[in-house]
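Q: Under the heading active site, pros-phosphohistidine intermediate, TrEMBL lists H117. Marked as ATP binding site by TrEMBL: K11, F59, R87, T93, R104, N114. For 3-137, the entry in TrEMBL reads domain 'Nucleoside diphosphate kinase-like'.
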Amino acid sequence: MATNRTFTMIKPDGVENGHIGGILNMITEGGFKIVSLKLTQLTVADAQQFYAIHSARPFFGELVEFMTRGPIVAAILEKENAVEDFRTLIGATNPADAAEGTIRKKYAKSIGENAVHGSDSDENAAIEGAFHFSGREQF
Ligand code: ATP
Ligand code: MG
């Protein structure tokens with residue numbers, strides 16, 4: 001059953017380049033309600049666990065290094081059909097393929113440094129959100 005919640009991170013490149021405000025604005029303009037929000041940083045173990053599904057891929061080391069090099073913004077978002085609609089709002093993994101009007105089209109530089117994460121299922125949204133936020137931080 002859809003929970004109507006998803007989890008996102010503004011990745012280190014988005015934070016470094018001063019795009020926290022711009023990205024949060026696109027998220028709220030896109031009809032998502034922010035129910036949890038924080039600036040935090042992933043440890044190497046956090047990033048390895050978060051992207052464990054990609055551990056055999058050639059870019060895994062680079063991905064972990066990138067995701068841990070600076071602060072990220074973690075957030076839980078609420079909207080009807082949240083997981084799927086948020087994947088539409090962020091656009092394709094490779095910004096070269098991202099549609100006009102998407103967050104990655106506007107803010108991502110490359111397939112590796114692509115500004116934002118969006119959960120790929122309701123199950124993962126719940127796991128990822130609970131990793132970063134306690135129940136009392138989810139409004
Ligand atoms: P995310 O899970 O971060 O929302 P995604 O679901 O669009 O991204 P995935 O296939 O899950 O894409 O890949 C996870 C992340 O790994 C990508 O966002 C990107 O940062 C990195 N990545 C994926 N493919 C490549 C690649 N070919 N080269 C370098 N980095 C890559
Ligand atoms: Mg993914």
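Indices start at 1 and increase along the chain as displayed.
Backbone N, Cα and C define each Cβ position, glycine as well.
For the listed features, I'd like the structural context: burial, neighbours, distances.
A: Its own atom aside, the Cβ of H117 (active site, pros-phosphohistidine intermediate) has 20 Cβ atoms within 10 angstroms in the protein chains shown.
According to DSSP, N114 (ATP binding site) is assigned to coil rather than to any helix or strand. With a 10 A radius on its CB, N114 (ATP binding site) counts 23 other CB atoms from all the protein chains.
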Q: For a quick check of understanding: given the listed ATP-binding residues K11, F59, R87, T93, R104, N114, what is the maximum Cα-Cα distance in angstrom, as an integer?
A: 22
Q: Which chain-mates of R104 (ATP binding site) that are at least 6 residues away have a CB under 8 A from its CB, listed by sequence?
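A: Set apart from R104 (ATP binding site) by at least 6 residues yet with Cβ under 8 Å, we have I90, G91, A92, T93, P95, A98, N114, A115, V116.
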Q: Whole-number Å only: compute the distance from the Cα of R87 (ATP binding site) to the Cα of H117 (active site, pros-phosphohistidine intermediate).
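A: Distance between the two Cα atoms comes out at 9 Å.
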Q: Pop the mean pLDDT for the domain 'Nucleoside diphosphate kinase-like' (3-137) in here, whole number is fine.
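A: Here the mean pLDDT over the domain 'Nucleoside diphosphate kinase-like' (3-137) amounts to 97.
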